[in-house]
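A.B. asks: One structure coming up, written as structure tokens, with questions to follow.
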Amino acid sequence: MAKALTGFMQSSPRMRNLLLAVLLACGLLPAGTSILELERMIRSTTGKSALLSYSWYGCFCGIGGRGTPVDPTDRCCQAHDCCYRTVREGKCSPLITPYTFTTDDGHITCSNKQSWCERETCLCDKAVALCFASTLPSYSHSYRFYFKLKCQGDKLQC
């Protein structure tokens, strides 16, 4: 099922956008969230869908995170979680903070003309998108949709 859905979503950008719209309509993604910007960043640097390729990857990608990262891609997610923690300490909500950025041939620029929360959220997402691009050779489909109960140990340590 996951393989069929992945192929379907990769072959049809309209369907990918429709899925994101459905998630928005169902309240699963707040409108104007950084999640949508993160999807665009990751697609621009890796060619992969954040939702399908990274949302349930390893022990740290997606919601939560504990134990030891399973590989370099999962370490990118661990670092991203730590970055978001720092942003939250600044009284921001990075999951629902929209921001402005541009991309040019995989190069991401976060706008300087936005609030501290918006810019820092953008910089966290930029870092994880570039990290994912650098770890593409070690990306393992076996860690996609990883069973999180296998992740043993302490919660996120930054």
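Keep in mind that glycine also has a Cβ here, set from the backbone N, Cα and C atoms.
Features from TrEMBL:
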| type | residues | note |
| --- | --- | --- |
| ACT_SITE | His80 | active site |
| ACT_SITE | Asp125 | active site |
| BINDING | Phe60, Gly62, Gly64, Asp81 | Ca(2+) binding site |
| DISULFID | Cys61-Cys77 | disulfide bond |
| DISULFID | Cys76-Cys131 | disulfide bond |
| DISULFID | Cys82-Cys158 | disulfide bond |
| DISULFID | Cys83-Cys124 | disulfide bond |
| DISULFID | Cys92-Cys117 | disulfide bond |
| DISULFID | Cys110-Cys122 | disulfide bond |
| DOMAIN | 34-152 | domain 'Phospholipase A2-like central' |
A.B. asks: Count the Cβ atoms, other than its own, that fall within 10 Å of the Cβ of Cys110 (disulfide bond), considering every protein chain shown.
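C.D. replies: For Cys110 (disulfide bond), the count of other Cβ atoms within 10 Å is 20.
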A.B. asks: Taking 10 A as the limit, how many CB atoms besides its own sit near the CB of Cys77 (disulfide bond)?
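C.D. replies: Around the Cβ of Cys77 (disulfide bond), 23 other Cβ atoms lie within 10 Å.
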A.B. asks: Any idea what DSSP makes of Cys61 (disulfide bond), helix, strand or coil?
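C.D. replies: Going by the DSSP assignment, Cys61 (disulfide bond) belongs to neither helix nor strand, so it counts as coil.
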A.B. asks: If you measure C-alpha to C-alpha, which of Cys77, Cys82, Cys83, Cys117, Asp125 (recorded positions) come within 10 angstroms of Gly62 (Ca(2+) binding site)?
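C.D. replies: Matched recorded positions: Cys77, sequence order.
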A.B. asks: List nothing but the one residue from Cys61, Cys82, Cys83, Cys158 whose Cβ has the fewest other Cβ atoms within 10 Å; the candidates are the disulfide-bonded residues.
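C.D. replies: Comparing Cβ neighbours within 10 Å for the disulfide-bonded residues Cys61, Cys82, Cys83, Cys158, Cys158 has the fewest.
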A.B. asks: Whose Cβ lies within 8 Å of the mean position of the Cβ atoms of Phe60, Gly62, Gly64, Asp81, the Ca(2+) site, other than those residues?
C.D. replies: Cys59, Cys61, Ile63, Gly65, Cys77, Gln78, Leu156
